[in-house]
Amino acid sequence: MENHVIVPLESLELNDGGIMLNYDKDISALQEEISALRSRQRHLDHRRQEALDKLIDLKGSIRVFCRVRPSISTNYFMTKSPVTVEQEKIVVRALGIKKEFSVDRVFDQESTQEDVFQEVKPILRSALDGHNVCILAYGQTGTGKTYTMEGTNGKLGIVPRAIQELFSHASQDSSSTYSFSISMLEVYMGSVKDLLAPRQPLFRSTECNTASIISILATKSGSVEVEGLTDVAIQDLKKANQWYCRGKRARSTSWTNVNDVSSRSHWWVDDLFSHKFSFEQYPILCALALFVCSLTRITIKRSGGPTEELSKLWLVDLGGSERLLKTGASGLTMDEGKAINLSLSALGDVIAALRRKRSHVPYRNSKLTQILSDSLGDGSKVLMVVHISPSDDDIGETVCSLSFAKRARSIESTKELSEDIKKLKQKRIAELDKEICDAEQELNDLNEQIRRAEISLEERKKLSSSACQALSDDKGSPRSTLVVVGHIDSTESPQATEKTKCRASHSHGSIPHFMSPTVCSRQRHSAASHSATKPRLTKSVNRYPAAELSGNQSFSYSSYKNAAKAKSVAFSSSVPKLKCLPVKSDQITMSNNSIDSTAASAPRRRESFISRPAQRAPLHQHRRRMSSLT
Ligand SMILES: Nc1ncnc2c1ncn2[C@@H]1O[C@H](COP(=O)(O)OP(=O)(O)OP(=O)(O)O)[C@@H](O)[C@H]1O
């Protein structure tokens, strides 16, 4: 079986040393092109990052959103909701009192998971750019924190969408290499439980409990490490989802173990008298269900730039404490209530201190704020989604949650911006948005260009090594054939070009391309009918008498010099020159219908030549074999 190596004609250079394959030059030209594209890509990405930073800072690096849960009341005579919303404002009316709360964005009852995620997306880009990011869901139980963060099967929440987005971006960004890892934990009454560690039911025994307690360390560089926390490398989206689901299961399992409670959401109201647990158990269950903060951490490692960047994306479902008051819990439960209230109020204090740019930020006041301390402060981006219920019954808790939100964004709420400044701010935000959009568009185009250049480079490299092999491997691969593909005649029809392309591709197969009788005979015809090309051919060859022409379909070179000159006349190519490989003249036999000396300036068409370095078969032998086929 013969091996055919297709070589573009332009890659041949003939000089005193012989016929050259000049792939190296072509490869280095492509490498240079790729490196120029990459440098443009880095520059653009830097510009995009700067614009995004400015945009996020302008919008506020601590942003507070509010989401209103749809009404779930089945009461047809339900009174009008006390909560009304505007784009950036919530108004609560009760007992003739009207309270207004400003937030950065309100998601009303009709808003979808996609609407929420669109607002979250820019902050994720920030995490990929190397900033620590923290997204927190806060609110009364049953208001949709888990729905927003996790979602349901058909309506994915922020966490699965964020994971998808990270992987999707990583696969598109050819300027950097990203690696991700995931950790999941719960903070409960000042203890930390590792959700991805080998499973140990939290409440089965004291040993299990203590085994789950992990300490929090601050490193010299200022970053925070949760000592002993399982951190799993996630190579792809599928693995990421598997680990995320495992963490979620570990979380629900702990509740199931205690009480056979399948969900932490609505069970407590409906099941209060449903005989699932005794009245004595109930306050404890409430406390457990309400006061656990669930945290998912995605660690992002980005390399490819001058330095390796490491950032954390925290996705936090905060426990709510309000229901405790309604349950009349006492004893242990009240202690738990205090613990969670401490956590949440500590978080409020931290956020308020950061908003006011205070020099002292009280991170150490709770485990939660300690864990999040390097992701809430300077250079980090924080997003809190406060959840409220539209129901009249929950008015007290709604006001509590909104007061918390107000506290978190205290600077903005106390110092309202004038209309002019607001307009200027909006204008600048729109400009930055456009800048980011344009940069992203250009980056996508660049990515595509780089991808194509890399494919060409790979092809060149493969071709180069195959051609070298075919030319140099006299003994080892005696039957390898070099098929030279080049442009010759600008007058050939597109259909013929297609056929010759096809022939070139078929020459990879077991029948050598020059043995294809149909194409040859067609081309013989074609060459004969194109009498205009003949004089040019004769002219070019006549200038170099050593070049032998046989009929109108093939010729062979008997001297390198002549061949080199003939080629330079017939195919002076603008394509970068490739790797030089000396070959004896009789190793290459060119078979062709006609050669047009004007081809260099004419549009290219592909034509095939055959070189058989190993066999060194003279041209008449080729013809004999061809005729024996027909
Ligand atoms: N925006 C929404 N659209 C549709 N359904 C919602 C929405 N928000 C919440 N729900 C539904 O309301 C119920 C309670 O929501 P969820 O369990 O997310 O509340 P939660 O605040 O996480 O409660 P807990 O604090 O107990 O975990 C769920 O059945 C959920 O599907």
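We number each residue from 1, going along the chain as drawn.
Cβ atoms here come from the backbone N, Cα and C positions, even for glycine.
Marked as coiled coil by TrEMBL: 20-47 (among others).
Annotated domain 'Kinesin motor' per TrEMBL: 61-411, in sequence order. In the predicted model, the domain 'Kinesin motor' (61-411) shows an average pLDDT of 77.
The Cβ neighbour count for Gln140 (ATP binding site), using a 10 Å radius and every protein chain shown, is 23. The annotation ATP binding site is assigned in TrEMBL to Gly139, Gln140, Thr141, Gly142, Thr143, Gly144, Lys145, Thr146.
For 407-463 (among others), the entry in TrEMBL reads coiled coil.
Per TrEMBL, region 'Disordered' is recorded for 592-630.
Residues annotated as compositional bias 'Basic residues' in TrEMBL: 619-630.
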Among the binding-site residues Gly139, Gly142, Gly144, which residue has the largest number of other Cβ atoms within 10 Å of its own Cβ?
Gly139
Out of the binding-site residues I have (Gln140, Gly142, Thr143, Lys145, Thr146), which ones have their Cβ sitting under 6 Å from ligand 1?
Gly142, Thr143, Lys145, Thr146
For a quick check of understanding: among the binding-site residues Lys145, Thr146, which residue's Cβ has the most other Cβ atoms within 10 Å?
Lys145
Where Thr146 (ATP binding site) sits in the secondary structure, as DSSP reduces it to three classes:
helix
